[in-house]
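According to TrEMBL, the feature pyridoxal 5'-phosphate binding site maps to A:Thr97, A:Ser98, A:Phe126, A:Pro127, A:Thr128, A:Asp129, A:Thr167, A:Asp196, A:His199, A:Tyr221, A:Trp251, A:Thr277. For A:Lys222, the entry in TrEMBL reads N6-(pyridoxal phosphate)lysine.
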Protein chains: 2
Amino acid sequence: MTTREQAAALDARDPLAPLRELFTLPPGVIYLDGNSLGALPKATPARIARAVEQEWGQGLIASWNNAGWIDLPRRLGDRLAPWIGARAGEVLVADSTSVNLYKVLHAALQLQQGKRKIVVSERSNFPTDNYIAQSVVRSHGGELILADSPEDIPPLLDERCAVLMLTHVNYRSGRMHDMALLTRWAHQAGALAVWDLAHSAGAVPLDLLGAAADFAIGCGYKYLNGGPGAPSFVWMHPRHQGQVWQPLTGWLGHAAPFEFSPEYRPAAGIQQYQCGTPAVLAMTGLDSALDVFDEAAKLGGMGALRAKSLALTEAFIAEIDARVPTAWVATPREAALRGSQVSVALPSDIDSYAVMQALISRGVIGDFRAGTPALLRFGFTPLYTRFVDVVDAVSVLADVLATEAWRTPEFQRRSAVT
Amino acid sequence: MTTREQAAALDARDPLAPLRELFTLPPGVIYLDGNSLGALPKATPARIARAVEQEWGQGLIASWNNAGWIDLPRRLGDRLAPWIGARAGEVLVADSTSVNLYKVLHAALQLQQGKRKIVVSERSNFPTDNYIAQSVVRSHGGELILADSPEDIPPLLDERCAVLMLTHVNYRSGRMHDMALLTRWAHQAGALAVWDLAHSAGAVPLDLLGAAADFAIGCGYKYLNGGPGAPSFVWMHPRHQGQVWQPLTGWLGHAAPFEFSPEYRPAAGIQQYQCGTPAVLAMTGLDSALDVFDEAAKLGGMGALRAKSLALTEAFIAEIDARVPTAWVATPREAALRGSQVSVALPSDIDSYAVMQALISRGVIGDFRAGTPALLRFGFTPLYTRFVDVVDAVSVLADVLATEAWRTPEFQRRSAVT
């Protein structure tokens, strides 16, 4: 257990502490939901205002060239690349995570040339991944097979498996897969590995090239802080360059889009994953957010971020153990298996939804996920979360439970928060 | 021919003139490229700043409910509906035009149950439409057949034709199809009609329900002024509700997305065309732009907009005829066949690209499209274009040609402006 003074001392000597100053956080709020929507970087409003007022308002159509709009998908991809273990030129920012998953799953199945048609994933994967996979396997005459637990995955990697598709860090449990190991197992079985980095990028070390993964996609608005609905990213291992086809054949994935030629001819590399015109204002938010990561790189980069993230989640788990002993920590206690969030289940006679509403009413913002068990999720973005936040959040949780504040009628309704 | 004084008099009695005051336009610029990127509404910077600073920065994750983010795709669709001849509840704003075309083409071919697999379109359609169609017909084992001219379309509507897919107003010529007539011809042949309204929505009268069209998609950043890369819209005739399936089965198209159920079950109506999480900041720009259309509705609505648009394009054509007699007007002179742009071809010994660069350098912004013939495109957004702009633009063009200013070396390079 950590006293508030000890936590404050940890914050005082935290080498990443200056990064918190780069974010706007509402006063009185402990924000532990950056795994769902990252906080606003302080520089972003002015950056977006410039894009709106100068680039669009004054530059008008010429800004496609003069403000570099046309290059945003590649330029943001280049900026992201080092944070996911890829190289410049291999990553593209475009569309949504769901749409990018659709592209790479089709590409992966097409690489298997119809000889293998089974996609293996987890039942507890984020629904959109499994929904998209259901659609893609349907069009290839294949099948989606879902493992009930991580331990059930390896036996499914057999000679019929075309693609192993996993979310690296599970959205419910916060459990992290061993990307290198599972990719190797998939390859040994002749399958390809597609990784969804939605809950990883910006929060945990990633080495796509080192793992020799085949495809990856991820989200711009969680740990990357690109803003609500910020565009997604997509990566393909360079060994597949020129070998694949993806079906969303919009004009900006063409080898020469401004030739306006009648026949589609895909660009050679990652560019072929671009489809329509980039959402400039949304991309500008992500561009600004990546400036924060430039600062993080100067303060120790992902090594320092991961060390702090683990220290935060470890401290949170210890506080829960000490102060909310009836709670079950659904997230692995083993550091290597943990992302940057901790999920907590309460005894079933306690309405966890109402508990989260009570927490939010007292300024502790996590979120609630229905299911068995229902989970309280707490995200620990190392860029802006402090050790005192950990101690204070558990204090409030312990108090909400001790006083049964969650029984207050206003906390009982359901809502549609993502 | 119109004198500048006559043009100014037309502006003085233009009932829509107040709408220009709702836009920011750079001083000294005559902006005739709103058919490619609409101008910035004056209220948009503050509206986007509020979304960034208040809704995201202060409201954080709770803004999905509290600021109505989760409803944006449907709410913007409802706002757009009357401008395209649809009803509230039938239109959704999401993704890009290319991605939405992919969805509805798949849905249309699936409605044909494999009995018909041919998609008919025009060779001169905007490339992304034909590229997407090539991809979709490939996955259905079908074929894309391209008419060389509008007159060649009806003979292609036979018992093998599954879908007639057309852009209502051609991006090069500005020629407008008769949506009701061609839809009827398609239906009589047993085909479905898919309309791309990219160069129509916000500029010409549209009556999707009256035409009994099957599907429509369109662009948010041209005549609708939603900002660079603003999201697209998608419409499906209510008679197809519950009958179709589209392959981009992201979680927000699910009948009950927040149940997080393992099996995809499409929402009943237009909601099933939503895929991933909405791009909130991009949608906010379009939301703000639709406020301008609310004002236009008070001043006569689409009837008044169309009357002004035709008067502007007619005046422009008359000025070209009078002052640039060597130019060929590639846009139909018959009002019923004309959208809200005029394309002009110059004799082949004149470098049209350089002419457009010379015009831009003198504050007249249109754009250039390569091809045979190469075209200078001029868009006349009735919301903010004045009659004096028409006269002044042609004056500058006549002068650029008379003085051969386009021969200046700086105007000769090529660039990638969309």
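Keep in mind that glycine also has a Cβ here, set from the backbone N, Cα and C atoms.
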I need the most crowded of these binding-site residues: A:Phe126, A:Trp251. Count other C-beta atoms within 10 angstroms of each C-beta and give me the top one. A:Trp251
So if I draw a 10 Å sphere around the Cβ of A:Thr97 (pyridoxal 5'-phosphate binding site), how many other Cβ atoms end up inside it? 30
Taking all protein chains shown into account, the Cβ-based neighbour count within 10 Å for A:His199 (pyridoxal 5'-phosphate binding site) is 27
Return the residues near A:Thr128 (pyridoxal 5'-phosphate binding site) by Cβ distance under 8 Å, restricted to its own chain and a separation of at least 6 in sequence. A:Thr97, A:Ser98, A:Leu101
Does DSSP put A:Thr167 (pyridoxal 5'-phosphate binding site) in a helix, in a strand, or in coil? strand
Cα-to-Cα gap, A:Phe126 (pyridoxal 5'-phosphate binding site) vs the residue listed as 'N6-(pyridoxal phosphate)lysine', nearest whole Å: 14
Cβ within less than 8 Å of chain B, restricted to binding-site residues A:Thr167, A:His199, A:Trp251, yields A:Trp251
Rounding to whole Å, the Cα atoms of A:Trp251 (pyridoxal 5'-phosphate binding site) and A:Lys222 (N6-(pyridoxal phosphate)lysine) are apart by 29
Whole-number Å only: compute the distance from the Cα of A:Thr167 (pyridoxal 5'-phosphate binding site) to the Cα of A:Lys222 (N6-(pyridoxal phosphate)lysine). 14
Could you find out if DSSP has A:Lys222 (N6-(pyridoxal phosphate)lysine) as helix, strand or coil? coil
A correct count of other C-beta atoms within 10 Å of the C-beta of A:Thr167 (pyridoxal 5'-phosphate binding site) gives 28
Integer Cα-Cα distance in angstrom, A:Lys222 (N6-(pyridoxal phosphate)lysine) to A:His199 (pyridoxal 5'-phosphate binding site): 7
